[in-house]
């Protein structure tokens, strides 16, 4: 595992160096078929990550947001989101991240959340304590005693929840009303904040593998819990719903709210 962590760190160092020159320079964006934006920085960062990972682990597969998948039947598959939060990136906010996850037989076992401008990086994996580096401060570890009524809940946007349909909206609203308050925005950066004890819950829906593959290992290595909205572990083929919680008791209470 340590060898793979070193490989991922080196790849993320390279992708961060590729992203930084594009930040806050008035970069334009194209709209993809689903109307989500993509920039030259997204494409360049994924190219850099793919090249580094393919060289270091040629037998592994790769799934990425911007380019076709490769060797997805392999036991180990890297999953790349070069810029999660492209809207934040193109508007000059530092809540975007680069996500890199590793699947073993379709299940996430290693994950990285990297913020290349603030130089924050979260690294977590099976059997690993969370490693957090960065100059903005923060101590790895989720809040272990917070109850649902006192929990800080985060989600990317109401539109993301609405995109999963009216039943998803109804279920999410049950959770929102049970928590202390809701914070919109943050994308995957919110999961990093959860792993530092700053947020207690993140609930989202309609996520793709590159959106969630890195997140469960990070949150779980910090002492949290991550499943889909039915309480099942995340794996390839899941329905795209994600619930991340600071502790097991909170997770169970949040699941109960979602399933009312």
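Here the Cβ of each residue, glycine as well, is placed from N, Cα and C on the backbone.
Take the Mg(2+) site that TrEMBL assigns to 81, 83, 84, 211: the candidate from 65, 104, 232 listed for it is 65.
Cβ atoms within 8 Å of the centroid of the Cβ atoms of 65, 81, 83, 84, 211 (the Mg(2+) site) belong to the same-chain residues 80, 82, 85, 86, 97, 98, 99, 188, 210, site residues excluded. For residue 81 (Mg(2+) binding site), the Cβ neighbour count at a 10 Å cut-off comes to 31, with all displayed protein chains included.
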